[in-house]
Amino acid sequence: MHAVPTHAASPERLPFYRQLYFQVVVAIVAGVLLGHFEPQYAEQFKPLGDAFIKLVKMIIAPVIFLTIVTGIAGMTHLRTVGRVFLKAMAYFLFFSTLALVVGMVVAHVVQPGAGMNINPADLDQAAVKGYVAKSHELTLTGFAMDIIPKTLVSPFVGDNILQVLFVAVLFGISLAMVGDAGKPVLNFLEALTAPVFKLVGILMKAAPLGAFGAIAFTIGKFGLGSLVNLAWLVGSFYITSLLFVVVVLGFVARLCGFSVLKLARYLKAELLLVLGTSSSESALPSLMQKMERAGCGKSVVGLVVPTGYSFNLDGTNIYMTLAALFIAQATNTHLTLGHEIALLLVAMLSSKGAAGVTGAGFITLAATLAVVPEVPVAGMALILGVDRFMSECRSLTNFMGNAVATVVVSRWENELDYSKLNAALDGEPVQALPAEAAAVKA
């Protein structure tokens, strides 16, 4: 069983006003109030949110690379890498497909678009042309080829997580294969992990500012009132996503011996950060640290979390089928069982090809509708105004899906320390990771 050294002292519990989740809550509330009462002024704070997300993306590649390389190089059997990857992909495929089916079922039961009687010819197709154009770039072959970087260092100057993952896995395997000759390199990378983790901690201190700027801009630009016309669709999506996390992921968590609600409480600071920035990537480095600290194997965390950010998008999948059927209902487009099965199959593929794409949910929806001509792509103009408000829910659901997946795959691999997991989920102070302890000493 994987065990993280526990010689480091447990961190003392901080006063509530110094804890990240409290600071982010205050920032979000302040952003909402400013956006509602001073919308024009609030829009000027957009650079705060953009800057914070850029800062986090700056550190994502080093965190992923160091975590994966040191994890794989420390494995005694390289066959373990392939086994972890296959188990993770099997999990991702099953639950991503289940999320698509859930979105489709809810759309049939709730009928959010029924009675709107929209004529597609009356819609402003120009509003969605940009998204449709980007969707044509999402092909399965192009997606696969894009995983392979042009040079060994190019992934570190781009924003494609899968390229970093690809290089890290290959380098980690190579380092493990050279044995003792690679020890100096491995020791150097393990030492380098300490300042990188320290930098993550420094950047996270700016999270409240980022959340404030992002939410103030969103409310200021789009307004709370913009939700009213399509509140039924938005409400259906939020409730469905909540039920998916609590019921579906909750059932899986219970089978594996933990509570998804306790896991959400443990990750509350990261969830609030995702809510404020509308980007699950903003919490990726912190998620990797926390899952390892909670007893998940380092090698499992290094493989499952970054891969899940591209292949395990439960929230995006629920959104895609729910939104597609909403458009069909709103435009009185009749879909046969064959049409819906085709929609499901296309969505299974297109949802995997949007890693690192801005507005991924909307773009993958355009890609799906472009291949299933029965549903008018122009109908996307109906949800363009409220898509931004559904983005937060997509990101939150995606985030929780990846957190649960990490624990589940760790359990399958017997790389889960239940004593650490239970302590973390019960709110007890947890042992610092070796790299974190070294960073504190530094």
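From the backbone N, Cα and C atoms, a Cβ is placed for every residue, glycine too.
For 19-39, 55-75, 90-110, 161-181, 199-219, 232-252, 318-338, 366-386, the entry in Swiss-Prot reads transmembrane segment, with the evidence type sequence analysis.
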Top partner of the transmembrane segment (55-75) among 19-39, 90-110, 161-181, 199-219, 318-338 - counted as Cβ pairs under 8 Å: 161-181
Recorded stretch, among 19-39, 199-219, 232-252, 318-338, maximising Cβ pairs under 8 Å relative to the transmembrane segment (90-110): 318-338
Close approaches to the transmembrane segment (318-338) from elsewhere in its chain (Cβ under 8 angstroms; 6 or more beyond its ends): 99-104, 106-108, 111-114, 116-120, 233, 236-237, 240-241, 244, 344, 347, 350-351, 361, 364-365, 368-369, 372, 374-376, 379-380, 382-383, 390, 393-394, 397
Same-chain residues at least 6 beyond the ends of the transmembrane segment (199-219) whose Cβ lies under 8 Å from its Cβ atoms: 20, 23-24, 26-28, 30-32, 34-36, 39, 42-43, 45-53, 55-56, 59, 63, 269, 272-273, 275-278, 282, 285-286, 289, 388-389, 436, 439
